[in-house]
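Participant: Structure in structure tokens, see below.
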Amino acid sequence: MTDRKEHKMKPGRRPTEGMTPSQERIMQVIRNAIDRDGLPPTVKEIAEALGMKTPSAHEQVQKLVKKGFIRRTPRKARSIEIVEQSPEEEPVEKKPDVARLVPVPIIGEVAAGIPILAVENHIGELLMDSRTARGPCFALKVKGDSMIDAEIFEGDYVVVRHQALAENGDIVVAILDGEATVKRLYISEETIELRPENRSYQPIVVPPGGDIRILGKVLAVRGHGAANNNE
């Protein structure tokens with residue numbers, strides 16, 4: 001697991017030094033939204049404002065985080081913050097608290113798209129903060145793009161707490177007719193819906209008595225490349 005660095009401004013560095021033109025435009029959209037609405041934009045709103053695809057906007061936002069221009073709180077809506085740049089300070093190394101890291105097994109793949117056959121196969125592990133990975137947890141690698149508006153992209157890993165029950169609006173991993181999928185859960189008196197976070201996909205409606213089982217609730221999302229693989 002690589003250490004993360006928080007980059008702060010070096011002496012004489014201009015506010016946009018180190019940004020690409022695309023990243024400068026994204027920063028301007030963020031500033032405008034905060035000035036206008038008092039809230040930062042979502043990645044989807046950034047993409048719409050600049051005529052970009054959501055995955056492309058997400059990639060550039062992540063690069064701005066790595067460069068230290070913004071920070072984000074994982075799995076929190078509208079969590080983008082602009083980092084105030086200090087011209088006196090050098091880059092500061094941030095190391096994880098190793099004592100708090102726990103291994104979470106990666107046991108296979110889950111569909112963010114058409115459900116795929118649920119086959120458990122231990123393919124590696126993620127190191128997670130024990131404050132996040134509470135209880136019996138596992139991870140699955142995401143296939144498909146049905147959850148991109150929730151910032152879950154193909155190749156990412158979802159960290160899931162094993163539980164049979166979940167609340168309306170939770171993002172869950174469900175087994176439907178023997179196949180696994182990650183979707184947002186909505187329950188009514190008549191039906192259960194597994195809703196995608198991508199307008200290109202339709203909700204999966206499960207009638208009363210349908211063959212569905214909640215495998216767990218998604219606690220966190222880790223980008224591809226975060227795993228220690230057995231392969």
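Placed from the backbone N, Cα and C atoms, the Cβ positions cover glycine too.
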Participant: Can you say which of 23-42, 43-62, 63-82, 183-202 is given as DNA-binding region in Swiss-Prot?
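Facilitator: In Swiss-Prot, residues 43-62 carry the label DNA-binding region.
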Participant: Are there residues at least 6 beyond the ends of the DNA-binding region (43-62) whose Cβ is under 8 Å from a Cβ of it, and what are they?
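Facilitator: Tertiary neighbours of the DNA-binding region (43-62) are 20, 22-23, 25-26, 29-30, 33, 70, 72, 80, 145, 148-149, 151, 153, 223.
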